Every structure is written in structure tokens, then in C-alpha cells.
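Asker: Just dropping this structure here.
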Amino acid sequence: MDKYTVVGNPIAHSKSPLIHAMFAEQTQQAIHYDKQLAPLEGFACWLQGFVADKGKGLNVTVPFKEQAYALCDQLTAEAKAAQAVNTILIRDGQCVGHNTDGLGLVADLISQGVVLSGSRVLLLGAGGAAKGAALPILDAGVAELVIANRTYHKAEAIAAMHQGRAIVAKPLAELSGNFDVIINSTSASLQGQSIDLPDELVSRETTAYDMMYSDGATPFNQWAHKRGAKQCIDGLGMLVHQAALAFEFWRGVAPDAQAVMKRLRLG
Ligand code: ATR
């Protein structure tokens, strides 16, 4: 049976094996997908072993996405823009690196009825998650993408990578006006913190999207909800859609992400 895995450190709580088992069942693909812990200082060696062991593909998660980018033999446009790889296809012993995180975000937004084409979008944060999201958001045809971050120069650097496109960097303190879509890619919610933002960013037409997900609303989504946002979405759909795009990259078959999301919410 073709072998796939998700590798990270830590990895115990990964939902990827469950999600890919559901995709395999749906599409009747005979694959084996497990999770593996690689040593913090030994990712390159671990990857060599997986390739030698005839693995067909893998997902890469924290903290190895940048190392995976450096180790791949070929890279897709999304991986190059993100400077990080979350999906590897192994073909003739060569690693093809892709990044489905930002594509998964856009796929989830669209499947939830959010219109990106012609919209004014605010992306909060300028870490790895924002870097991966910028190109797919721009490719979705937004009118303007404003990227804002606590440490301004990081937002500037991402905007500079997409020079000539509809992206502009702003310091958090200089944000004004309202946005059709506000995406939180910062890790503030993860630490239970909220970001100090002007109320005027949210109107009754605004969709708030937190890349994090939790059982209850995240602090960012609570903030947007209180200010009257039209809808507040968490990152579970992004997780499932990035996995679906990885599955399709490996197997050439698109699974039904929506059906899996429903099962995860119920479970
Ligand atoms: P990831 O790979 O998940 O994007 P990261 O690369 O560590 O993680 O980036 C975390 C992002 O969250 C950064 O943009 C960080 O801002 P700084 O660049 O200023 O550090 C942002 N972040 C984390 N905690 C925050 C907080 N309390 N308020 C605002 N931004 C925060």
C-alpha cells in the first residue's frame, strides 16, 4: 500500500491521519497515512530515511516547513512564495515541495460563500502563515490586500515579495477604514491574547477569519463578533482544505472537504 505520513515535533495531536483516512475512504484510494515524530535536530536525516523507505508523500508541520523547503529538489510557485513546504510528493526518489496552506485558506473562504474577487482584505501578522497566504489571496483577485504586523518590517518584506501586485504593508497602529475580509494569521489567539485594533475595521459586511481554531470562538473572532461582523470563521476549514489539496497533489483525485468538515465538527 502507498505510504504517506505527517511529520512534525510535536505531532501527537495532529488530526491529519484522521482527515486523510476519511479522504481515502471517500475516494476509495488504498493508502496508509500515519504520523511521525522527527527529532528536532534530525529532520534532513529523517526525510532521507522516508524516501529510502519508498514513502510516496508527506505533510510537514511545525517546526520543519522551512527546512523542507530547503531540502526539496523541485518547488511549486506556492512553496516558493511561502518559502516553506507543507506537502511533499516523492517521485522517482525526488522530493517535489508544495504549499497548500494559503490555497486551503482561499478554498475554505470561497466554500463558505466569501467573495474575495474585488474585495478589500486585511491580513494580520507577517510570520510563516501570512507568507503562505499572501500569494493565493492575491491570485483570488482581491482589489487590495493590506498586510499589517506588530513588527512592521516583516509586513513590508512580504509586500515587497509581491511588488507590482495589489498589496500594501501598514503598521498595526495606522490601520483605518473597514475591510470586507479580515484574516488573523498571528499566533496571538494561540496565546489567548487579542490584538489591539481600531473598532472601525469591522462593518456589518465584514467577514472575520481566524486561522486558529478552538472549541469555542477564538479571542479574535469574539472581538469581531462584538463589533458586528457579518460572519466569523475559524481555521478548521483551512486545515481540512489544505489537506484535501495535498491529497489531490499526491493522488490526482479531489476529495470532498465539506463532508469531512461536517464529520469533524460533529465528532
Ligand atoms: P506562524 O508560522 O504561525 O505565522 P510566526 O512565524 O511565529 O508563526 O509568526 C507569528 C505572528 O504572530 C507574527 O506576525 C507575530 O508578530 P511579530 O512579527 O511582531 O512577532 C504575531 N503575533 C504573535 N503574538 C502577537 C500579539 N500578541 N499581538 C500581535 N501580533 C502577534
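Using N, Cα and C of the backbone, Cβ positions are placed for all residues, glycine too.
Model, not experiment: these values are computed from the prediction.
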Asker: For the NADP(+) site that TrEMBL describes with G125, A126, G127, G128, A129, N149, R150, T151, Y152, H153, K154, M211, which of these is also annotated: G102, G104, G177, G235?
Answerer: G235
Asker: Out of D34, D101, D196, which one does TrEMBL list together with S14, K15, S16, T61, N86, Y213, Q242 for shikimate?
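Answerer: Looking at D34, D101, D196, the one TrEMBL places in the shikimate site next to S14, K15, S16, T61, N86, Y213, Q242 is D101.
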Asker: Filter the binding-site residues S16, G125, Y213 down to those with CB closer than 6 A to an atom of ligand 1; keep them in sequence order.
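Answerer: Cβ under 6 Å from ligand 1: G125.
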Asker: What are the DSSP helix, strand and coil residue counts for the domain 'Quinate/shikimate 5-dehydrogenase/glutamyl-tRNA reductase' (116-189)?
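Answerer: Result for the domain 'Quinate/shikimate 5-dehydrogenase/glutamyl-tRNA reductase' (116-189), in helix, strand, coil order: 26 helix, 20 strand, 28 coil.
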Asker: List, in sequence order, the same-chain residues at least six positions removed whose CB sits under 8 Å from that of R150 (NADP(+) binding site)?
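Answerer: Sequence-distant Cβ neighbours: L172, T186, I195.
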Asker: Among the recorded positions K65, G125, G127, A129, which ones place their C-alpha within 10 angstroms of the C-alpha of N86 (shikimate binding site)?
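Answerer: Checking Cα-Cα distances against N86 (shikimate binding site), the recorded positions within 10 Å turn out to be K65.
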